[in-house]
Amino acid sequence: MASAGPLSGGGAARRQLHSAEAVDVASASNFRAFELLHLHLDLRAEFGPPGPGAGSRGLSGTAVLDLRCLESEGAAELRLDSHPCLEVTAAALRREGPGSGEPPAEPVSFYTRPFSHYGQALCVSFPQPCRAAERLQVLLTYRVGEGPGVCWLTPEQTAGKKKPFVYTQGQAVLNRAFFPCFDTPAVKYKYSALIEVPDGFTAVMSASTWEKRGPNKFFFQMCQPIPSYLIALAIGDLVSAEVGPRSRVWAEPCLIDDAKKEYDGVIEEFLATGEKLFGPYVWGRYDLLFMPPSFPFGGMENPCLTFVTPCLLAGDRSLADVIIHEISHSWFGNLVTNANWGEFWLNEGFTMYAQRRISTILFGVDPDDTYNETPYEKGFCFVSYLAHLVGDQDQFDNFLKAYVHEFKFQSILADDFLDFYLEYFPELKKKRVDTIPGFEFDRWLSTPGWPPYLPDLSPGDSLMKPAEELAQLWAAEELDVKAIEAVAISPWKTYQLVYFLDKILQKSPLPPGNVKKLGETYPNISNARNAELRLRWGQIVLKNDHQEDFWKVKEFLQDQGKQKYTLPLYHAMMGGSEVAQTLAKETFASTASQLHSNVVNYVQQIVAPKRS
Ligand code: BES
Ligand code: ZN
């Protein structure tokens with residue numbers, strides 16, 4: 001099939017997007033009334049005891065928004081997303097004056113309005129309405145201490161245990177608890193920041209450039225437009241090491257050697273493969289920041305500086321797929337962005353597809369993936385289905401490149417993408433592939449349940465079959481020890497062990513005694529340090545009520561705070577014996593203060609559900 005859609009040239013007019021009119025029900029702001037040209041944050045970080053009170057830990061300073069009014073009738077107020085934890089103490093407005101010099105900023109009044117449990121509106125009133133196309137600057141003086149957007153950690157909660165740490169996590173709607181903004185992925189803008197830290201601390205941000213300004217100040221500039229949720233800050237005892245021509249690893253000093261060893265030389269290969277497939281890498285640098293153990297995600301694709309869990313320092317590069325996933329967001333998510341969180345699969349489904357294209361090119365076989373939620377895996381299946389309709393991998397790769405080029409720096413809806421797909425492949429459009437009974441695009445995107453088409457994963461069968469057979473042997477009432485001993489698992493890759501354990505878990509509870517024997521036979525599994533293995537061993541231990549190993553579950557939950565490990569284990573404990581339920585309560589009591597606030601809320605719902 002001939003590809004019809006050449007890359008549209010530079011200054012060509014951009015298409016009218018469905019997303020231009022879409023609402024974002026998660027934002028309280030009037031983001032359609034203004035263009036946000038630039039944000040500047042000028043913040044000072046202080047570490048101290050948890051607030052309130054003098055000397056308590058917090059960020060304080062100003063947020064400066066450069067705006068242009070888009071309302072043809074003018075606008076009387078600016079409404080921003082905010083949160084009760086932001087204490088705004090002053091608002092000022094600078095308007096275009098008649099002269100040439102910078103006009104003074106005048107104090108203006110402001111008030112807050114409730115919105116939802118995750119935020120409130122901050123309304124800044126203009127003394128006279130601003131006119132259509134007028135440029136204005138709004139300056140907000142504020143402070144944020146405790147809250148869901150800025151995560152403060154004590155020294156004990158870090159790897160080095162010597163100095164405190166603070167970081168922000170914006171996705172999905174937490175950055176309104178970091179700075180007042182249009183907290184919607186529909187809006188993109190450039191930002192800069194000046195961050196002052198106490199002696200002996202280093203600040204890093206998701207920005208193109210990083211500059212030290214004196215011993216305690218760091219200046220950042222992001223020179224590409226990004227949505228609010230991708231602005232991220234971390235401050236701690238941080239050092240860095242080069243791992244490639246455009247990559248550094250950042251970590252606490254005690255982790256930096258491990259980090260460098262694990263990732264030296266590999267990042268560039270991932271980036272180069274991504275560029276070959278999806279077009280230029282526009283973000284300049286790709287750094288990795290190794291977070292403290294309570295970081296709730298495997299990775300977070302903050303542009304120029306992906307945040308990752310220290311669990312990735314497994315020593316065997318077995319978890320590189322997380323890095324490839326986050327790198328894939330450089331094109332899908334960060335360059336072409338879902339316009340609201342209802343379209344989240346555009347970020348994650350495409351990223352899963354891109355991640356597996358890169359892995360397939362570099363490693364041949366897609367390693368079995370462990371993350372299995374709808375926007376990720378069903379999104380991946382839908383993209384695979386669209387590739388299958390095209391029938392030719394090279395043509396589909398070219399299409400992906402054209403897709404990124406077409407929508408880069410914009411936020412879109414699924415309909416924008418689907419229009420483009422059908423225009424690019426006119427023969428498919430003529431064949432009405434969007435309405436094939438049973439495979440209607442609408443049905444893919446709006447009917448819950450299993451995808452109607454599953455990609456061909458048979459290349460992985462030869463690697464997975466032995467694992468499945470071994471699991472079968474372990475599920476027998478009478479163990480066939482000879483057959484079990486005949487299977488040597490020491491050359492198995494981590495993902496094969498993971499698959500084996502998933503099968504064991506599916507077959508659990510096993511006949512009495514089998515799990516004990518299993519743990520003794522494979523100490524490299526039952527005593528593993530690799531987090532993916534520890535998670536699954538813990539699930540097996542709980543499902544079989546193998547109380548002898550309960551302490552391993554607790555230890556694992558104390559060692560790290562990743563949401564995708566933590567929640568399944570609490571579910572398993574609360575679904576288990578009384579001893580398991582007690583373990584859940586004890587473990588939660590000893591770890592709650594270390595966990596991200598979102599994770600605390602989820603665990604609370606599992607351990608002591610509140611009727612609501
Ligand atoms: N952007 C997500 C993490 C995220 C999702 C944070 C939703 C907040 C809200 C990130 O790219 C991600 O998907 N991480 C996965 C990695 C995995 C799929 C390889 C994770 O953390 O497990
Ligand atoms: Zn992702």
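Glycine too: its Cβ is placed from the backbone N, Cα and C atoms.
Record check: TrEMBL places His325, His329 at the Zn(2+) site, and the matching candidate among Glu348, Glu373 is Glu348. Sitting within 8 Å of the Cβ centre of His325, His329, Glu348, and not among those site residues for Zn(2+), are the Cβ atoms of Glu301, Glu326, Ser328, Phe332, Gly333, Asn347, Thr351, Met352, Ala354, Gln355, Tyr376.
A distance of 7 Å separates the Cα atom of Gly299 (peptide binding site) from that of Glu326 (active site, proton acceptor). Counting Cβ atoms from all protein chains shown, His325 (Zn(2+) binding site) has 24 others lying within 10 Å of its own Cβ. Sequence-distant contacts of Gln169 (peptide binding site), defined by Cβ-Cβ distance under 8 angstroms and a gap of at least six in the same chain, are Gly149, Cys151, Ala232, Pro296, Phe297, Met300, Phe307, His596. Rounded to the nearest whole angstrom, the C-alpha distance between Glu301 (peptide binding site) and Glu326 (active site, proton acceptor) is 5.
Of the candidate recorded positions, Gln171, Glu348, Tyr376, Gln563, the one lying closest to Glu326 (active site, proton acceptor) when CA atoms are compared is Glu348. Local packing around the Cβ, expressed as the count of other Cβ atoms within 10 angstroms, is greatest for Gln171 among the binding-site residues Gln171, Gln563. In this structure, the recorded positions that sit close to ligand 2, with a C-beta under 6 angstroms from any of its atoms, are Glu348, chosen from Gln171, Glu326, Glu348, Tyr376, Gln563. For Tyr376 (active site, proton donor), the number of other Cβ atoms no farther than 10 Å from its own Cβ, over all displayed protein chains, is 20.
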